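Visitor: Found this in TrEMBL, in case it helps:
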- 106-130: transmembrane segment (TRANSMEM)
- 142-159: transmembrane segment (TRANSMEM)
- 190-211: transmembrane segment (TRANSMEM)
- 217-237: transmembrane segment (TRANSMEM)
- 324-345: transmembrane segment (TRANSMEM)
- 365-385: transmembrane segment (TRANSMEM)
- 406-426: transmembrane segment (TRANSMEM)
- 458-477: transmembrane segment (TRANSMEM)
- 489-510: transmembrane segment (TRANSMEM)
- 530-550: transmembrane segment (TRANSMEM)
Amino acid sequence: MKIPEEEVALLEDYVSDSVDHRGFPAEKSSTGGWRSAWFIIGVEVAERFAYFGIACNLITYLTGPLGQSTATAAVNVNTWSGTASMLPILGAFVADAYLGRYRTILVASLIYILGLGLLTLSASLIIMGLSEQRNEASAKPSFWVNILFFCSLYLVAIGQGGHKPCVQAFGADQFDAEDPKEVIARGSFFNWWFSSLSAGISLSIIVVAYVQDNVNWAFGFGIPCLFMVMALAIFLLGRKIYRYPQRHSEEVDSNNAFARIGKVFVVAFKNRKLSFDLEHSGLLEDGSSEKRKGRLDFLAKAMLPGDEGVEPCSVRDVEDAKALVRLIPIWITSVISTIPYAQFMTFFTKQGVTVDRRILPGLEIPAASLLSFIGVSILISIPVYEHAFLPIARMITKKPFGITMLQRIGAGMVLSSFNMMLAALIEAKRLNIAREHGLLDRPEVTVPMSIWWFVPQYLLLGMIDVFSLVGTQEFFYDQVPTELRSIGLALSMSAMGLSSFLSGFLITVIDWATGRDGWFNTNLNRAHVDYFYLLLAAFTAVAFFAFLFISKMYVYRRLDQV
């Protein structure tokens, strides 16, 4: 039956799968789009300012006021940042299965603010002298101050875990996937999202790191707390103009995505002894048999009738399960190739402390301020990528995408390996200068080497972000089932989280194997961090070649992306 033109026009005024704050169908003229997206971008800028205000200079706090060794502090930073990057999987699960993105963001923001507030309190206790009285210069804060500090630090990680995967997905929800104009706008949203948060990160590193080094740590932790309060306020201001994803009452929701995909593995296992000709069964998607033949066919057995009382799975359920399984090898190589990324908040910063940090006569910058060059590099690299690299790539490949998502990730891996080799050469030069000036056993004396030598490796980190980080997020968002896109984004973040754990594990093992006077000597002039960087360059190169092999066999969910 043909729908009257008046009703079609009326339907076009509303978003089919979203509601407004009152629970009514979301009207395009008064909800969503850029009017609400800018609120969400503002929230993320403030949240990234808060997070990096803690993360960028954390190793300096651990080796300074808390009195930890360089190796121990590096392991603690890696463990914390790894936990913060892994927890989004839990946050995304809670959002997709129970609370929804909006409520998850609210709860996570409150936990975030509590953690930052307690972190500020712990720093204030040390400044006010309420921690253990120190009669020696080497004395450390009391046990309870340390407990308070680490509990508050991990509260921040928990808050970030709920906040991070939901805000970006909620921002994308503000654009109607059925409206061609809004689909184009959503593509621009992701570009502005990444550029804006890079600006927030750079501002945080410059301002907060300076306050922490030159004023005190209580103010340095208090400023991020204030910005997180601002983020929550901004988020609540846009409440009436947001579009909220609607939970459908159809087949997919009566059996949520987690349950129906999990059922595929259970039923396939129960039917493992059954066999049939998959290619001629009529159960595969149209046009997919040649491309998908022989890959993960054991999961297709979930579509066969088996034991009584066990309902066969649908083609869609099986294809969604296959899509998740295909991501695992890519995810593993991503984990290994991002281990070098864990170093910019640990050893890169500690190296910067040892050299001449004057950029102008009388103006000395904190070593952590170098992290701002990552944001500067991103702000430059994104338009260059969009307006120079992609047009050239389209001319060469004759494809509208220019390069595939996997090719983009692979390019980032190559840059990452090269960056570690560059970092090793620069560290070797710093050690040689220290040796020439007789500073090997005088770590308190500044090595006469300009901090500008370290800038190229930070600029390369920004370029790696544009290729690997954005490429990985796009890939995992696009290749998972629609209902699990929060989980998809969380998976991409978890790769970096696990890489931080692996970095900490490597540091612990190498520190044990090489002894106190080995690669991670507290006196960096006697250490050999350059050897560690070369090892990471080798790991990344091996991961890249494994990635090449795996990506050649990978089957995209939509074959037009190959």
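In case you wondered, yes, glycine gets a Cβ from its N, Cα and C as well.
TrEMBL entries are annotated by machine, without manual review.
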Visitor: How about the transmembrane segment (190-211) with the transmembrane segment (489-510) - do they touch, taking at least 3 C-beta pairs under 8 Å (6 or more apart in sequence) as contact?
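Guide: The transmembrane segment (489-510) and the transmembrane segment (190-211): touching, no.
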Visitor: Tally Cβ pairs under 8 Å between the transmembrane segment (489-510) and each listed stretch (106-130, 324-345, 365-385, 406-426, 530-550), then give the stretch with the top tally.
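Guide: Stretch with the highest Cβ contact count: 324-345.
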Visitor: I need to check the long-range neighbours of the transmembrane segment (217-237): which residues 6 or more away from its ends have a CB within less than 8 Å of a CB in the stretch?
Guide: 39-40, 42-44, 46-47, 49-51, 53-54, 57, 61, 65, 105-106, 109-110, 112-113, 116-117, 119-120, 123-124, 126-127, 204, 207-209, 211
Visitor: Between the stretches 106-130, 365-385, 530-550, which wins on the count of C-beta pairs under 8 angstroms to the transmembrane segment (406-426)?
Guide: 530-550
Visitor: For the transmembrane segment (324-345), which stretch among 106-130, 365-385, 530-550 has the most Cβ pairs under 8 A?
Guide: 530-550
